[in-house]
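The next block holds one structure in the form of structure tokens; read it before the comments.
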Ligand SMILES: Nc1ncnc2c1ncn2[C@@H]1O[C@H](COP(=O)(O)OP(=O)(O)OP(=O)(O)O)[C@@H](O)[C@H]1O
């Protein structure tokens, strides 16, 4: 049984190699028109950018929320590109002190788009500085300590903040409220991923038919980053095999990399394995799960669970995580007579 839970982390959208970063850069759509799917978000963003252009002002601050690999960084780049503004990229973990943020904010040029990835991981002290910066384009810099401390106000160039988060629930309300627009990115449908893949295959010069692309798409966890990554593996397989990127080649390549027909990877299988085998289907608390699979609770919550819930293998209940009937069935295990089912609760 445990063999079923082994395999490569090929479908973990959080893991990115250097080569992949370069590869992704080449595939990133540059305009909203080229950006596939997320129709509603695209329409809302277009309106926001058009209104700002008509009034000749910086677009409102934008929060992009959703699991990794769905296109948050790409959208931030598109916002800058479409509004013809420069872009500065940083991330929450790089801002560990208010001073780190002050350095970035005070060096922005007028109209610049500031992208803060993983904004929920920024230091608290910096968050408070950001409130004022977002609202009034001003920060107060504290000089000195104790009774002699004074604050020096510093005016900033107007800018547009684009924040990205996989955990919007972790953002304090005062920060969330200061974004003029929040976009919740959804997992992509298979047909949308086929369009992402058609574009990528063309850019990479990989001749491949729609049926083969459909097979890659359906094993990509609803995530463009994973779809593009699997396409690369299929390209390698076809190159070495010499038989072209056929449907059979796709199946053989993805089976070789242990990506099953639903796109589950090692971590997904480990999480389901613990719930099914060790806890009779659950309920299991998040921290217990995280310790059992040797992964951070945040990764389980932001990366693994949303997809398992979306495809109906797992249910989140107030008492913990519970395998659904489909969850038992997918792993070919007989349902335990005493088990609680996520879909029965
Ligand atoms: N809607 C889309 N259409 C075409 N390609 C896309 C789309 N969304 C994402 N991609 C591609 O998927 C890859 C990952 O996208 P991106 O880096 O923007 O994701 P992300 O949500 O910012 O992930 P993370 O939060 O992990 O940084 C990029 O190569 C990008 O080109």
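Cβ coordinates are placed from backbone N, Cα and C, and glycine is handled just like the others.
TrEMBL entries are annotated by machine, without manual review.
Record features (TrEMBL):
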BINDING   27, 28, 69, 72, 73, 74, 135, 136, 137, 178, 188, 225  ATP binding site
DOMAIN    58-189  domain 'AAA+ ATPase'
BINDING   73  Mg(2+) binding site
REGION    261-345  region 'Head domain (RuvB-H)'
BINDING   316, 321  DNA binding site
Quick test of your reading of the structure: among the binding-site residues 27, 135, 137, 188, 316, 321, whose CB sits under 6 A from ligand 1?
27
Least buried by Cβ count (within 10 Å) of the binding-site residues 69, 73, 137, 188:
137
Whole-number mean of pLDDT values that fall within the region 'Head domain (RuvB-H)' (261-345):
86
What are the helix, strand and coil residue counts for the region 'Head domain (RuvB-H)' (261-345) according to DSSP?
44 helix, 9 strand, 32 coil
According to DSSP, folded down to helix, strand and coil, what is residue 135 (ATP binding site)?
helix
Between residue 321 (DNA binding site) and residue 69 (ATP binding site), how many Å separate their Cα atoms?
24
Cα-to-Cα gap, residue 27 (ATP binding site) vs residue 316 (DNA binding site), nearest whole Å:
35
Would you count the other CB atoms within 10 A of the CB of residue 316 (DNA binding site), including those on all shown protein chains?
17
Separation of alpha carbons, residue 316 (DNA binding site) and residue 188 (ATP binding site) (Å):
21
Rounded to a whole angstrom, what is the C-alpha distance between residue 316 (DNA binding site) and residue 135 (ATP binding site)?
37
Quick one: give me the count of other CB atoms within 10 A of the CB of residue 135 (ATP binding site).
12
Give the number of CB atoms, excluding that of residue 27 (ATP binding site) itself, located within 10 Å of its CB.
16
Local Cβ density at residue 321 (DNA binding site) - other Cβ atoms counted within 10 Å:
28
Can you tell me whether DSSP puts residue 188 (ATP binding site) in helix, strand or coil?
coil
